[in-house]
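Engineer: The structure under discussion is supplied below as structure tokens; questions concerning it will follow.
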Ligand SMILES: C[S@@+](CC[C@H](N)C(=O)[O-])C[C@H]1O[C@@H](n2cnc3c(N)ncnc32)[C@H](O)[C@@H]1O
Ligand SMILES: Nc1nc2[nH]cc(C(=O)O)c2c(=O)[nH]1
Ligand code: SF4
Ligand SMILES: [Mg+2]
């Protein structure tokens, strides 16, 4: 049984695949925060910008098996001309609490590339086409390789220097959206860090800038 908060069709807003049309599958629940505001200050991850509880979002629900969920997600891809390879982005919540090989296989059988957004605390199953790891505070990484490491910046307990030698193809710094935690705009600080540490590239949350989701 898979629990899905919401599923929707949009453009990948962040990281090295920004701009690519994708079906998003947002799994419910996370191992670093309950999703309750009352628990935020004591959580291992305290700046989450997402509602991760329940299954009541658009196209959310509980799905009995990989085939049923895969069919549900494929139906969100438009019947459109062209040769683009469809992509599903499994996110959450923490997708690696639920994503398994049978769901990855079911999406591949339907012609989709499989991308994942994870906090890196759980090992990833094989077969993922684009793995994005986004470390959180002091949490230990179980997943130390992948396509991109996308660090939300700044985190006093997760400085970029800790991650520079890990086995990733791309290193992104993404300014923290401080709306939920009551802070200012940290974009200029993030730009300054990238300018002085060129290993890191800037990732903006373009879906928020454009207002697409
Ligand atoms: C909501 S998380 C879900 C996936 C997974 N649990 C994770 O943390 O990577 C999706 C992406 O949003 C990023 N994110 C979450 N809160 C953010 C914030 N306040 N500002 C910027 N990025 C944020 C995460 O770091 C992650 O890359
Ligand atoms: N458009 C869009 N792009 C995204 N990339 C990662 C997201 C996420 O919440 O995991 C996200 C999201 O929520 N919306
Ligand atoms: S690990 Fe991801 S889903 Fe969990 S609370 Fe942090 S940002 Fe949100
Ligand atoms: Mg998001």
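Using N, Cα and C of the backbone, Cβ positions are placed for all residues, glycine too.
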Engineer: Considering the substrate binding residues 11, 12, 13, 26 given in TrEMBL, which of 91, 118, 121 is annotated for that site as well?
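Structural biologist: Matched candidate out of 91, 118, 121, per TrEMBL for substrate with 11, 12, 13, 26: 91.
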Engineer: When the Cα of residue 175 (S-adenosyl-L-methionine binding site) is compared with the Cα of each of the binding-site residues 12, 13, 26, 30, 50, which one is closest?
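Structural biologist: Its closest listed neighbour, by Cα, is 13.
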Engineer: List the Cα distance (Å, whole number) between residue 134 (S-adenosyl-L-methionine binding site) and residue 45 ([4Fe-4S] cluster binding site).
Structural biologist: 11
Engineer: For residue 136 (S-adenosyl-L-methionine binding site), just give me the three-state DSSP call.
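Structural biologist: The residue in question, residue 136 (S-adenosyl-L-methionine binding site), is coil (DSSP, three-state).
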Engineer: Can you count the other CB atoms that lie within 10 A of the CB of residue 11 (substrate binding site)?
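Structural biologist: There are 16 of them.
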Engineer: Tell me, how many other CB atoms lie within 10 A of the CB of residue 48 ([4Fe-4S] cluster binding site), whichever protein chain they belong to?
Structural biologist: 21
